[in-house]
Every structure is written in structure tokens, then in C-alpha cells.
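Student: Annotated transmembrane segment per TrEMBL: 12-32, 38-61, 73-95, 101-120, in sequence order.
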Amino acid sequence: MSAPSTVNFLKTVLIVDALTCLGFGILLTTGAEFLAGWLGLPVSLLFYAGLILFPCAALMIITGRQKLPNAGLVSLIIVGNFVWAVASIGILVLPSIAPTMIGYAFVIAQAIAVCGLAVFEYRLLGHARRFATA
């Protein structure tokens, strides 16, 4: 993959990540009460998790729209995604939380998806850096 196509692909992945955050943010903040019953997760957890996603989406959009995405911001996004994935799995073992089977599936699936995006972004950032120093 050439340097311009690597950078463009990284930008696309960042925008997809942002749109995913935005969609989940809307879902979790507007549907927290409805989802809580199905997922067995506290309304407040769902609502505030959704709120956190809006500034994350904004950062991803800003970074993804840069001509050359700032490596520090991309790294911050990658770390944030990994932290989100680990925290998501972490809530499943808290004694005060009793997710339903659908709740377990929901949390695990989104953690895997977020982790996958982080790995994708990490690899693309590595390729972009190699081209920049070549």
C-alpha cells in the first residue's frame, strides 16, 4: 500500500470509528432505560457510557479530517479504544452488575469490535509512520 493510500485508509477508519461512537452514544443516551431491561446493566452506566462517546467521536472526526492525521492524536484514540474494551469486559465481573445473556453478548461483541478498530488503527499508523520516515 502506498503512503497516500495508507493515510487515506487510516482517515477512513477514524471516521468509521467516530460514526460508530456517535451511533452508540445516541443509542445509549436515548435508549438507556429500554436497554437496561434487556441487557441487565444499570441505566446510569449505559447513559454515562453513551455521553463519554460524544467527545471521543468529535476527536476522531477532527483527527480523521486532518490532511495528515496527527500521530499523537491517533495514538490517544488507539489507547482510548483499548481502555474502553478492557473496561467493558471489566464491568462484566463486577459483583454489583448482573447482565443478562444478551447483556454479556452485547458488551463482549462491542468490546471485540472496538478492539478490532484499535488494532486496525495501530497497524495503519505504523505503516503511515514507516512511509513518513522513508
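Residue numbering: from 1, along the chain as shown.
The backbone N, Cα and C atoms fix where each Cβ goes, glycine too.
Automatic, uncurated: that is what TrEMBL annotation is.
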Student: Could you tell me what the rest of the chain brings near the transmembrane segment (101-120), counting residues at least six beyond its ends with Cβ under 8 Å?
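Tutor: Same-chain contacts beyond the ends: 13, 16-17, 20, 24, 38-41, 77-78, 81-82, 84-86, 88-89, 91-92.
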Student: Going along the chain, which residues at least six beyond the ends of the transmembrane segment (12-32) come within the CB cut-off of under 8 Å?
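Tutor: For the transmembrane segment (12-32), the nonlocal Cβ contacts are 43-44, 46-47, 49-54, 56-58, 60-61, 63-65, 69, 74, 77, 81, 110, 113, 117, 120-121, 124.
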